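Colleague: Here TrEMBL flags 12-30, 42-64, 85-111, 145-163, 175-195, 215-239, 251-277, 302-331, 343-364, 384-402, 414-441 as transmembrane segment.
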Amino acid sequence: MAQREHFSNKLGFMLAAAGSAVGLGAIWKFPYMAGSNGGSAFIILFILCMILISLPVLIAEFMIGRRGQADAITSFKQQAPGTPWYLVGYLGTITSALILSFYSVVGGWILSYLVRALLFQLKSTESTSYDTLFQSIIQNPWEMIIAQGAFFLITIFIVQAGIKSGIEKASKIIMPALFIFFVILAIRSLTLPGAMEGVRFMFVPDFSKITGETVLLALGQAFFTLSVGISIMITYASYLGKNENIAGTGVNVALMNVFISILAGLVIFPAVFALGFKTDEGPGLVFVILPAVFEQIPLGNFFLIIFFILLLFATLTSAMSLLEMVVSVVVKDRPKRRVRVTWLLGLFIFMIGIPSALSEGVLSHIRIGSQSIFGFMEFLTNNIGMPIGALLISLFVGYYYTTNESKTELQTKPFFYTMWIVSIRFLAPIAILIIFIAGIFF
Ligand code: PHE
């Protein structure tokens, strides 16, 4: 058997895992969700849900992966022979492929915007506002397919190169760049006159804004943004040496994610308030409001280009993890197959994604329930695949592993272990069941 490839060290692994986590969730979804759900109240709830519920599940996935040293399905088979637990790996594989099929659509939107910004064509005119520009881009079938295809090409190109020279290398360049440039962008936004109103919106809590729905949204976001529930983190941790500390790494990944989410908010909200826009724009916040915001500040086009490059990078490191999860299941311990498998699976998932790419335009008449194809894919993965996966993973590590096993795997202080096991056995499963039921019936 060929030797399994490993990350070069803990830092490489941590940046790759953080790269998977930090993506559209932190930079695109978090600001518009916070913007429409009471700002600070949502942010506090989100951070609580992350610490108490999704971080413990992330650590559980790291455990299964590091212990298994194999793809997700094989890891379950080895650790629970003769039981149906390996189906959790299959569920993760299918959910990852489906997420990638529509995640790449938004990747395509970003590429389209970036190319326009580089050509100085991302401008509103008297006849077209940014809203109509956004609509015309996402409704243009050829542009959408080409953009999504280009996004796939970049993702495939990195993943086929393998763990060390593909994923790890890309993450080691992209993640630090993300931190540095986001700080610069936030400073730009924070120094606009009137920016403090935006800071107040994010940090002065107004608990009257908290409703049952806010709690559910915060919880859903805490899961999506850490990439947990679909065995991606099992896959990444399987390329980790046996002795690496997973609890600390999990905490760092969660911290980096919160940090980038808050920075994204600090780029967007101060500017939105300073220039008199509204915060509750929904999904268009980044694509419709941000160009309008940057248009009004000196060197705006330059900052806008930086923003979209960063958003593209962050989206790529998450897309890489989605593709890697699926590829690893087929490659197994035959690394020679990696290049071919990556191309084939990449093309296949691209094709599954085409209907989503066209669903805002030529296929907008197709509705599943009341949703577009894109919306339905998102519903299927966010509201069904991810919560069921996360629930089963917490039950597996919480109850199938003996206390001794999980203690030895976690190798951490007794206090931290107790917090973690209480969450994995009780808090996480109950919370996930609640989001699951509420997400389907309300
Ligand atoms: N965490 C990623 C983001 O926030 C999305 C993602 C979810 C990636 C699940 C992989 C798996 O953008």
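Glycine is treated like the rest: Cβ placed from N, Cα and C.
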Colleague: Report the listed stretch (145-163, 251-277, 343-364, 384-402) having the maximum count of Cβ pairs within less than 8 Å of the transmembrane segment (302-331).
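Modeller: Stretch with maximum Cβ contacts: 145-163.
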Colleague: How about long-range neighbours of the transmembrane segment (85-111): same chain, 6 or more residues beyond its ends, C-beta under 8 Å?
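Modeller: Counting only partners 6 or more residues beyond its ends, the transmembrane segment (85-111) has Cβ contacts under 8 Å with 23-24, 28, 71-77, 79, 137-138, 144, 146-152, 155, 229-232, 234, 287, 308, 311-312, 315-316, 318-319, 322-323, 325-326, 329, 345, 349-350, 352-353, 356-357, 374, 377-378, 380-381, 385-386, 388-389, 392-393, 396, 400.
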Colleague: Should anything in the same chain at least six residues away from the transmembrane segment (12-30) have a Cβ under 8 Å from its Cβ atoms, list it; otherwise answer none.
Modeller: 46, 103, 106, 164, 167-168, 170-172, 174-175, 178, 221, 224-227, 232-233, 236-237, 239-240, 244, 249, 252-254, 256-257, 260-261, 264-265, 283, 285-286, 310-311, 314-315, 317-321
Colleague: When you check the transmembrane segment (251-277) against the transmembrane segment (215-239), do you get at least 3 Cβ pairs under 8 Å, counting only pairs 6 or more apart in sequence?
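Modeller: These two stretches do touch.
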Colleague: May I ask whether the transmembrane segment (343-364) has at least three C-beta pairs under 8 Å with the transmembrane segment (42-64), counting pairs 6 or more apart in sequence?
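Modeller: With fewer than 3 qualifying Cβ pairs, these stretches do not touch.
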Colleague: Taking a Cβ cut-off under 8 Å, which residues six or more beyond the ends of the transmembrane segment (215-239) line up next to it in the same chain?
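Modeller: Contacts with the transmembrane segment (215-239): 4-7, 13, 16-17, 20-23, 25-26, 29-30, 33, 37, 42, 45-46, 48-50, 53-55, 57-58, 61-66, 68-72, 75, 88-89, 91-93, 95-96, 99, 163, 246, 253-254, 257, 261, 318, 321-322, 324-325, 328, 381-383, 385-390, 393, 431-432, 434-435, 438-439.
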Colleague: For the transmembrane segment (145-163), what are the same-chain contacts with Cβ under 8 Å, counting residues 6+ beyond its ends?
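Modeller: Those are 5-7, 104-105, 107-112, 169-170, 239, 315-316, 319-320, 323-324, 327, 335, 338-339, 342-343, 346-347, 349-350, 353-354, 357-358, in sequence order.
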Colleague: How about long-range neighbours of the transmembrane segment (343-364): same chain, 6 or more residues beyond its ends, C-beta under 8 Å?
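Modeller: Contacts of the transmembrane segment (343-364) (Cβ under 8 Å, skipping residues fewer than 6 from its ends): 97-98, 100-102, 104-105, 108, 135, 138-141, 144-145, 148-149, 152, 155-156, 159-160, 323, 326-327, 330, 372-375, 377.
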